[in-house]
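**Q** This is the structure I have questions about; it appears just below.
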Amino acid sequence: MGERCPMPAGPPQHDGGPGAVPVPPAHPRDKWSKKMDFLLSVVGFAVDLGNVWRFPYICYQNGGGIGFAICIIGLYVSFYYNTIIAWALYYFYSSFSGTLPWASCDNPWNTPNCTNYFGRNNVTWTNFSRSPAEEFYTRKVLELQKSGGLYNVGGIRWQLLLCLFLIFTIVYFSLWKGVKTSGKVVWVTATLPYLVLLILLLRGATLPGAWRGVLFYLRPDWGKLLSTAVWVDAAAQIFFSLGPGFGVLLALASYNHFHNNCYRDALITSAVNCLTSFLSGFVIFTVLGYMAEMRDVEVEDVARDKGPSLLFITYPEAIANMVGSTFFAIIFFLMMITLGLDSTFGGLEAVITAVMDEYPQVLARHRELFVLGLITVCFLGSLSTLTYGGAYVVKLLEEFGAGCSILAVVLLETIAVSWFYGIQRFSHDVKAMLGFTPGLFWKVCWVAISPALLAFIVASSLLEQPPLALFGYQYPAWSTSLGHLIGASSFICIPVYMVYKLVWTPGSLKQRLAVCIRPEKTVRDPQVEAVGMEPAL
């Protein structure tokens with residue numbers, strides 16, 4: 001787990017030196033049943049709620065022991081990400097009604113500020129106005145009015161607790177047997193969202209004012225390219241979507257055959273991910289244009305808050321006023337659930353693979369129990385996000401749990417592979433697996449361009465941190481300090497492990513440094529030996 005790259009499944013191990021008789025491995029590694037199982041799993045992880053919420057929002061806003069650290073970041077993400085899926089499940093259940101509960105202001109949870117402007121004339125929309133969808137989200141689903149902020153988050157919403165329990169139950173039975181189980185599940189969870197996106201796109205394109213949203217989406221604001229915040233947001237979107245620093249891609253790829261064409265898989269996954277983000281932008285912005293037309297405001301004034309608000313306020317509000325609203329609400333939230341589950345499968349599989357590879361003799365025979373224990377930890381860690389003030393906790397974890405820390409981890413991964421392990425060694429390994437050496441462009445990117453850009457983005461994100469706010473609630477100063485501690489708690493594993501290795505390695509200081517920066521052969525890998533590859537980091 002000290003960032004040992006998991007190797008694909010391969011031939012049996014040899015017990016002894018050259019010429020020894022091969023013996024079967026004690027615990028044979030699982031393999032993907034089909035090539036498409038792997039591709040759909042990777043695409044399903046890459047294409048998640050961030051493509052439908054984070055990417056359109058960024059366009060809306062800007063105009064258009066590394067191994068240990070990764071595991072800790074993965075846990076932090078699971079603490080809040082699955083709660084968002086639980087919210088979607090609550091909406092999914094609430095959608096099975098003749099009239100959607102967020103379609104009017106005639107409900108017990110509504111306030112005098114509730115303003116329903118659809119289908120009505122002479123309705124004035126002010127800064128104090130709240131749509132039925134916003135009040136349903138804040139006062140019915142979250143019940144934020146019962147919380148005093150982070151000082152007093154209140155009790156647990158038992159309805160959301162039940163939703164989260166159902167989500168984690170699905171996750172457990174999808175992961176408990178390994179990739180052979182999850183590889184079948186993703187045939188549904190990774191493909192269904194595309195059908196739903198297409199249906200929603202066709203419906204959105206027919207709405208009045210949809211063209212306003214499309215123009216806003218496609219018209220770039222060139223001046224904002226000079227802002228470092230735009231580049232930080234763009235990098236964060238790619239990292240959260242493709243997930244190169246979460247260990248998921250390494251974990252899923254480790255179940256492939258040794259000579260699998262990972263180069264082609266990487267290009268396919270990246271292309272599908274980017275095209276999906278671009279498509280989902282049209283789905284969201286046609287609806288934003290429609291709402292701007294109905295409110296008689298500009299498109300940029302439609303959505304109030306960043307993040308899940310687009311999914312739980314803006315889009316549901318538009319759906320509630322469409323013909324066939326119940327049908328569109330059901331398929332929309334079903335899509336959100338499947339998108340979220342895909343990424344949860346990948347994120348937790350990375351943690352499972354890392355820990356089981358570190359302690360194979362103990363855990364290989366007890367995967368089901370280990371997965372149950374991990375799911376239980378994630379469930380218990382999510383309890384604070386299920387309180388009346390849980391949305392404030394979700395935003396805090398979203399901002400600090402896997403923000404700057406994941407960028408810093410990827411920076412160190414790049415340096416470790418390109419500089420310490422060596423670009424020539426790495427290129428030789430790629431050639432042994434694929435039959436060809438990476439081109440000059442990729443080598444320059446790995447050695448110079450990527451580290452430089454990552455270092456710039458990390459520094460910029462640390463220097464430019466606006467105060468946190470959600471639904472008018474200003475986060476106290478101590479919460480920002482707590483957020484920094486959360487982010488540092490994962491990253492601190494790296495220097496601690498470095499000091500540990502430096503102290504316990506025998507020899508002089510110079511000898512210790514030489515040993516610690518040299519790639520360490522931590523396991524006997526017959527595939528590495530068979531093709532003459534360097535030992536894994």
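Start at 1 and count along the chain as shown; that gives each residue its number.
From the backbone N, Cα and C atoms, a Cβ is placed for every residue, glycine too.
Since we're looking at a predicted model, the values are computed, not measured.
So TrEMBL lists these for the protein:
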- Gly44: Na(+) 2 binding site (BINDING)
- Ala46, Val47, Asn51, Ser241, Asn273, Leu339, Asp342, Ser343: Na(+) 1 binding site (BINDING)
- Cys105-Cys114: disulfide bond (DISULFID)
- 1-23: region 'Disordered' (REGION)
- 38-55: transmembrane segment (TRANSMEM)
- 67-93: transmembrane segment (TRANSMEM)
- 156-173: transmembrane segment (TRANSMEM)
- 185-205: transmembrane segment (TRANSMEM)
- 225-255: transmembrane segment (TRANSMEM)
- 267-292: transmembrane segment (TRANSMEM)
- 318-341: transmembrane segment (TRANSMEM)
- 369-394: transmembrane segment (TRANSMEM)
- 400-423: transmembrane segment (TRANSMEM)
- 444-463: transmembrane segment (TRANSMEM)
- 483-503: transmembrane segment (TRANSMEM)
**Q** Got a sec? Which of these binding-site residues, Ser241, Asn273, Ser343, has the most Cβ atoms within 10 Å?
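**A** Result for the most crowded candidate: Ser343.
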**Q** Find the one among the binding-site residues Ser241, Asn273, Leu339, Asp342, Ser343 whose C-alpha lies closest to that of Cys105 (disulfide bond).
**A** Leu339
**Q** Rank 185-205, 267-292, 318-341 by Cβ pairs under 8 Å to the transmembrane segment (156-173) and hand me the top one.
**A** 318-341
**Q** In whole Å, how far does the CA atom of Ser343 (Na(+) 1 binding site) lie from that of Cys114 (disulfide bond)?
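**A** Ser343 (Na(+) 1 binding site) to Cys114 (disulfide bond), Cα-Cα distance: 35 Å.
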**Q** Quick one: Cα separation, Leu339 (Na(+) 1 binding site) versus Cys114 (disulfide bond), in Å?
**A** 31
**Q** Neighbour count, 10 Å Cβ-Cβ cut-off, for Leu339 (Na(+) 1 binding site): what number do you get?
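**A** Neighbour count, Cβ to Cβ under the 10 Å cut-off: 28.
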**Q** Counting across all protein chains present, how many other Cβ atoms fall within 10 Å of the Cβ of Asp342 (Na(+) 1 binding site)?
**A** 28
**Q** Note down the number of other Cβ atoms within 10 Å of the Cβ of Cys105 (disulfide bond), including every protein chain shown.
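**A** Cys105 (disulfide bond): 17 neighbouring Cβ atoms within 10 Å.
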**Q** With Cβ-Cβ distance below 8 Å and at least 6 positions apart along the chain, what are the contacts of Cys114 (disulfide bond)? List them in sequence order.
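**A** In sequence order, Cys105, Arg130, Ser131, Pro132, Glu135 meet the Cβ cut-off.
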